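Remarks on the structure that follows.
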Amino acid sequence: MPLFFYIMLFLIFILLFKLFKNENIIIAFLCSILIIYIIIAPRFCIEATLSGAKLFFYKVFPSLFPFLILTNIIINYGGVHVYSKIFGKILCPPLKLKKECSFPLIISALCGYPLGAKYSCDLYQNGDINFPTLERLINIASNAGPLFIIGSVGTSMLGNPYAGYVLLLSNYISCIIVGLILPSRNTKMYRNFKGNLKTSNKNIGESLKNSIEGAIKTCIGVAGFVILFSLLLSILKNNFLFKFILNKLCIFFNADKNLIEGFLLGLVEMTNGCYLISTSSIDISKKLILISFLLAFSGFSIISQVYSFTYKHGINIKRYIKIKFMQGLIASITCIVLYRIPIFSMYLDAFTDKNTYLILSNNLLFIFILFLLIIPLIIYYIKSLNKI
């Protein structure tokens, strides 16, 4: 009987795939199902929507809104070219990017998703970079922020800030590796392209007004995605079919339920996925490997936010998803390597000892910052040697 059920389920999926080859039909069909579900269970859907709204206003908005205002002001006053002069020659040549790209790279590293994509598109709209550079930059300037990784994931979820440092380092290294291995297309056009160097004559009042308006517009868009995916996740978690598949996967892999559920839901929305994985009963090394993948991949919620900035420029979102998946695998492998280095495993294991924690904390922070400063110089030096 169970074998017959699986065969029927497989045949139904095959028939649906054949029937709904048209993308428009699939989207209309799925949205219709969601509307019916909302009508059938309005209270549940309203609670899920309110939960998403609270998540945005209490967790996302306080950090995102000030960053958006300040970075918009920086752009209005020619900050892109200031950053390119200071950091461009260090960060960009190893990644085969124009020096103007240093601004979204730094913003992405400091602020996280989806600001790197937003300011990459702004550079393209302002004429500072060409399309091949934009396409390459979008795939590189796409990281989770240090505040989220160290604070939310490392300290709050895993109860170990050193785990946050390992995750952050693996995330940055995977991003650098992706930048090194991605082929550079239209090299001639890239070298001959001349950015449109514009200086702003706006006064501080006008600049502040425009920056606030732009920040509000961006925040509203991000809020929409957070609320929508919060609703979708709630429906998915309480769906009978999802629970059935989850139980079968747990039996098949002989794994913790929170682990499998966290990974599957993390592919949709990484925050919920990271939390569920952190509550599973597996050891810290396996948690770090899976969470590292989710942080680098970002989940379809973040990918949708990135696409909301890039779609009008013709960026291939399927290629972007493939590259993010590859970055997730690289981040997991990097995390395995870092965990096997004695100094990192020592810090992770020593966290339970408060005295050791106080002694080692400043040393690890110093080593971490020093490593991030030195690695671009090392890569650039190696690249320059290859050209000789």
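Cβ coordinates are placed from backbone N, Cα and C, and glycine is handled just like the others.
Taken from TrEMBL as is:
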- 5-20: transmembrane segment (TRANSMEM)
- 26-44: transmembrane segment (TRANSMEM)
- 56-75: transmembrane segment (TRANSMEM)
- 162-182: transmembrane segment (TRANSMEM)
- 215-236: transmembrane segment (TRANSMEM)
- 288-307: transmembrane segment (TRANSMEM)
- 328-348: transmembrane segment (TRANSMEM)
- 360-382: transmembrane segment (TRANSMEM)
Tertiary contacts of the transmembrane segment (56-75), as residues 6+ beyond its ends and Cβ separation under 8 Å: 103, 107, 111, 115, 119, 122, 126, 145, 147, 207-208, 210-212, 214-216, 218-219, 222-223, 226-227
Distal contacts, the transmembrane segment (288-307) - CB-CB under 8 A, six or more residues away: 113-114, 117, 138, 142-144, 149, 153, 158, 163, 166-167, 170-171, 174-175, 221-222, 225-226, 229, 259, 262-263, 266-270, 273-274, 277-278, 315, 317, 320-321, 324-325, 327-332, 334-336, 339
